[in-house]
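Working notes for the structure below.
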Amino acid sequence: MPRVFFGLEIPDAVKKRLLALQRPVKGAKWQNCNQLHLTLAFLGKVDDERVPELCQAAARVKSPAFELEAKGLNTFGRAESPRNLWAGVSGDTPLMQLQRRLVKQLADAGFEPDHSGFQPHITLARFRKQAGSVAPLLAQHGNNHFGPMPVTEFVLFESTPGHSGSVYTVIERFPLVE
């Protein structure tokens with residue numbers, strides 16, 4: 001039973017700029033290059049036989065291609081003891097529309113994605129309890145622009161636990177209308 005989610009891949013140039021932010025911070029578990037993504041809809045464990053049905057639902061999503069910009073840093077939790085450090089995106093109106101269309105198609109097909117409120121972000125680090133402060137990092141890089149992100153497709157990923165955190169494998173790609 002695979003653990004799956006829909007998301008966007010991050011361009012290599014943007015990944016490089018985001019990875020350059022990594023600093024020693026108490027309790028930080030920094031994401032590696034292959035873990036950087038933007039989640040659209042998290043489903044969790046799905047029966048193997050339902051994955052084709054999931055793909056059919058996603059293929060019904062019609063949306064034009066668009067461009068985002070990776071921009072700014074923020075945290076879930078306080079900067080002095082964060083749970084997550086993340087980069088945001090600007091130009092996200094078409095992203096919000098894509099996400100709503102995807103969630104609707106999934107719900108119409110009987111799937112229940114996580115509905116905890118969609119906050120577009122790219123997770124850079126996760127923190128254990130007793131995390132150190134990232135306030136200096138936010139002060140220095142909080143308004144940085146990390147580069148353009150052309151969005152021409154979205155992806156169904158499988159998430160598998162690994163020694164260095166989750167490993168994300170592409171199951172299927174869903175092109176947007178050019």
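Keep in mind that glycine also has a Cβ here, set from the backbone N, Cα and C atoms.
Automatic, uncurated: that is what TrEMBL annotation is.
Residues 37-40 are the range that TrEMBL records as motif 'HXTX 1', among 1-4, 25-28, 37-40, 165-168.
In TrEMBL, the feature motif 'HXTX 2' is placed on 121-124, out of the ranges 53-56, 121-124, 125-128. The list of residues near the motif 'HXTX 1' (37-40) in space but at least 6 beyond its ends in sequence, with Cβ under 8 angstroms from a Cβ of it, reads 5-10, 89, 98-99, 102, 118, 120-122, 154, 157, 168.
Using a 10 Å Cβ-Cβ cutoff, HIS37 (active site, proton donor) registers 20 neighbours.
According to DSSP, HIS37 (active site, proton donor) sits within a strand segment. The two recorded residues HIS37 (active site, proton donor) and HIS121 (active site, proton acceptor) have their Cα atoms spaced 8 Å from each other. Mean model confidence of the motif 'HXTX 1' (37-40) amounts to 98 (pLDDT, 0 to 100 scale). Around HIS121 (active site, proton acceptor), a 10 Å sphere centred on its CB holds 19 further CB atoms from the protein chains shown.
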